[in-house]
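The structure under discussion appears below in the form of structure tokens.
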Amino acid sequence: LSPRRFYLHPELSKDLVGTHPPGAHSLVAVSVGYFLEDFVDMLCNQKLHQSWELLFHHSVVIVCFGIAVLLHQYVGFALVALLVEINSIFLHLRQILLMANLVHTTCYRLNSVINLGTYVVFRIATLAWMTRWLFLNRQNVPPATYAVGTVGMAIMTPMNIILFYRLLRSDFFK
């Protein structure tokens, strides 16, 4: 959904702070709801030592997206962040295939390759672009919002690099 929004609304690439197309605010608000629901579900149904990283990830996203929803600003930036979720499709499929004990199948292997490719494009490259944008536009972002964004990127980038390493090690360098 997000790539389509950028194609249909090229003005987003020029102003990620105040510009957002119809429906974008709702998309980010629904995403906050999803992350809240998933956060509560993990708290209730998983052991903390199994889910602390995702709980931490969800907390950062809820705060950052919550600011965009409440202020009606940075919605475009949140849309860029949602590009990361494209890779989640393949991460979740990987988990399903693992649970179904289908690790030694062509489907798992194919998903592993697609997962890594989408990981690099939609997670690593997107987070790098967002970090660069935040740095280049620091004079246009209020200090408190800049601090939240910088802390968010400082948390999410290493988390995603570590997960990438784990995926590489698990699926390609056993």
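Including glycine, each Cβ sits where the backbone N, Cα and C put it.
The domain 'TLC' feature in TrEMBL is assigned to 1-174. Marked as transmembrane segment by TrEMBL: 52-71, 77-93, 113-135, 147-168.
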* Structure fact -> Here the stretch out of 52-71, 113-135, 147-168 with the most C-beta pairs under 8 Å to the transmembrane segment (77-93) is 113-135
* Structure fact -> Per the Cβ under 8 Å criterion, with at least 6 residues separating them from its ends, the transmembrane segment (147-168) contacts 53, 56-57, 60, 63-64, 67, 74, 77, 84, 112, 115-116, 119-120, 123-124, 127-128, 130-131, 134, 141
* Asked: So what's the average pLDDT for the domain 'TLC' (1-174)?
  -> 91
